[in-house]
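Going by TrEMBL, these are the annotated features:
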BINDING   7, 10, 26, 30  Zn(2+) binding site
């Protein structure tokens, strides 16, 4: 029996199998929409923000 999952972008049911090229997405379009959301920083993973000290960053280039 094939496992079914919902596309994280549109919610359409998707078969979870090797032949499903865009899994867990239903299509290339949904895959690209999700990638665009990450690229535009619409999504984030919780955690502490990391800031580099400007002087420390410059010392690495000498």
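Going from the start of the chain as shown, residues are counted 1 onward.
Including glycine, each Cβ sits where the backbone N, Cα and C put it.
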Mapped DSSP class for residue 30 (Zn(2+) binding site), helix or strand or coil: helix
Fewest other Cβ within 10 angstroms of its own Cβ, chosen from the binding-site residues 7, 10, 26, 30: 10
Helix, strand or coil at residue 7 (Zn(2+) binding site) [DSSP, three-state]: coil
Near-site residues: Zn(2+), ref 7, 10, 26, 30, CB cutoff 8 A to centroid: 8, 9, 11, 12, 14, 25, 27, 29
